[in-house]
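A.B. asks: Please find one structure pasted underneath; my questions will follow.
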């Protein structure tokens, strides 16, 4: 009897969770603004295309901005909020400060959308749409963005500090961080592939290129040392390097080919191919760019579903950096 009661209870819990997930999912819809702001997506796309055409690096920055938003309190645009009397901004968290970019592009997109339909489109949805448009602008995949997220009235610097990945993370830590957000190890490897168009600051990989370790190609380390002096200084620390030297401006699968050759720039990149459980996924993507791109699109949609505020929860901010 006890076993049967436990089974019934477990079944009820599972059913409830499934129903809650379905309700949440139902409130996000690709057609959410079709009647209230039919020109929203084209307006956002115009701004993103212009920004990326001026600076290709902005594509990676906008994808990363969406990622860093969704990993803290869910996809609620909390990362855009500035410090105030009631808010400790996530922008100053270790993983974001002097690193995350694209805030001005989102602000510009919000300004343009407000002109055509004021008070309708959330900053959280603009961030989600911008990441898709940025990907497509540099040859990456496109996907159908589900819409209807609302904006948070809070931010969490502490959650940003505790939950966002670090460049020193090992494989198990990365898998754990993504699992906490409902994403699989495969999702983690897939989303890391966005580094194919990204850049990193010298201080994040200096230790790796100067330590003569067995998991880095010696010629690659030597090449990277030319752009990242061993001496610590503010100027040196901020020097930028492409995560993918081969095709830094194209969204392709070279990132995974580089890992197999021990040419991952960050420690947290190379651990994806280091004799561990992710090796087979990296190998697959290195051989199948089409599979990588389709998986990337699916993983971005999945990431965009992390704890959205919907219905009467949250607000629609007039200015993305403030709740006023």
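Glycine is treated like the rest: Cβ placed from N, Cα and C.
Feature annotation from TrEMBL assigns substrate binding site to 165. The disulfide bond annotation in TrEMBL covers 37-117, 70-75, 123-320, 202-228. Positions annotated as signal peptide by TrEMBL: 1-26. Among the features that TrEMBL reports, site 'Transition state stabilizer' is placed at 64.
Give me the structural setting of these features: burial, nearby parts and distances.
C.D. replies: Around residue 165 (substrate binding site), the same-chain residues six or more apart in sequence whose CB sits under 8 Å from its CB are 95, 173, 174, 177, 268, listed in sequence order.
Sequence-distant neighbours of residue 117 (disulfide bond) (same chain, 6+ apart, CB under 8 A from its CB) are 33, 36, 37, 39, 40.
With a 10 A radius on its CB, residue 75 (disulfide bond) counts 27 other CB atoms from all the protein chains.
In the shown protein chains, 30 other C-beta atoms lie within 10 A of the C-beta of residue 123 (disulfide bond).
Sequence-distant neighbours of residue 228 (disulfide bond) (same chain, six or more apart, CB under 8 Å from its CB) are 202, 205, 206, 209, 236, 239, 241, listed in sequence order.
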A.B. asks: Fill in the CA-CA distance, residue 64 (site 'Transition state stabilizer') to residue 320 (disulfide bond), as an integer in Å.
C.D. replies: 17
A.B. asks: Give the sequence-ordered list of residues that share a chain with residue 70 (disulfide bond), lie 6 or more positions from it, and have CB atoms under 8 Å from its CB.
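C.D. replies: Counting only residues 6 or more apart in sequence, the Cβ neighbours of residue 70 (disulfide bond) under 8 Å are 181, 303, 304, 306.
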A.B. asks: Indicate the candidate from 37, 202, 320 with the smallest number of other Cβ atoms within 10 Å of its Cβ, considering only these disulfide-bonded residues.
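C.D. replies: Lowest Cβ count within 10 Å among the disulfide-bonded residues (37, 202, 320) is 37.
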A.B. asks: Whole-number Å distance between the CA of residue 320 (disulfide bond) and the CA of residue 75 (disulfide bond)?
C.D. replies: 13
A.B. asks: Distance between residue 123 (disulfide bond) and residue 75 (disulfide bond) at the Cα atoms, whole Å?
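C.D. replies: Pair distance, Cα basis, whole Å: 10 Å.
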